[in-house]
């Protein structure tokens, strides 16, 4: 299907992009296009303007900061995957990025585009929710920060106001944590039927801290905060893991579609949870 008609505008600087967004409501920024182009072809979106931001090199970086690791919104998955800072300081993000799409998607797709699209089955929103990352949104009048847990509001819906653009992601460094990312897909390159991102800090075999998030099984990334709170201080063993898997499965609200039923996704979550904990035990 052909996309609807729109006007194409290319920004040469961040300030130019923000000024344009401020004055033109029905505008969609174009970064890698891996999410936007398919949605245009399906006519899910019908913007008046497409704002090409690919020349905004000031949004393409990975660097250490006081808050951990800062990543520019235009940083492509390929660059995240090959970056030594991400490998050493945010291994959960590195592991998840390896599983995203195929080489074309990783070469073109950007972290900012993925989280702005907010597909509940997408990989990066789940990772950022588990890591308690912060999203920086900029507009012509200034910037503000939103926790990932609050940024994703529902399917393809975020806490982005008129005239705002995602410009940076700040990811805490979790020293002393073991991390793992797992997902089930129908075929290579697909969005996840279900996914789990786990970061856990152990003292011996006792859980000192835990962060547990799921994708593809709720209307947005699901952070199992009630489960997290209840298992801190407990010894990690098979019985506890089975209990965690069962409780998470009862708390999620998976969709049923052509890729899998709600029941099937709940069962997948149980299996993924047990596999994730087995890997970090």
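Any Cβ shown, glycine's included, is placed from N, Cα and C.
Feature annotations, courtesy of Swiss-Prot:
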type: BINDING; residues: 31, 32, 33, 34, 35, 110, 111, 112, 113, 114; note: FAD binding site
type: DOMAIN; residues: 1-176; note: domain 'FAD-binding PCMH-type'
Work through the binding-site residues one by one (33, 113) and point out the residue whose CB has the fewest other CB atoms within 10 angstroms.
33
Counting only residues outside 31, 32, 33, 34, 35, 110, 111, 112, 113, 114 in the same chain, those with C-beta within 8 angstroms of the FAD site's C-beta centroid are 36, 76, 108, 109, 116, 117
Where does residue 31 (FAD binding site) sit by DSSP, helix, strand or coil?
coil
So what sits near residue 31 (FAD binding site) in its own chain, CB-to-CB under 8 Å and at least six residues off in sequence?
53, 54, 73, 74, 110, 112, 113
All chains considered, the count of other Cβ atoms within 10 Å of the Cβ of residue 111 (FAD binding site) is 27
Cβ density check for residue 35 (FAD binding site), other Cβ within 10 Å (all protein chains) comes to 21
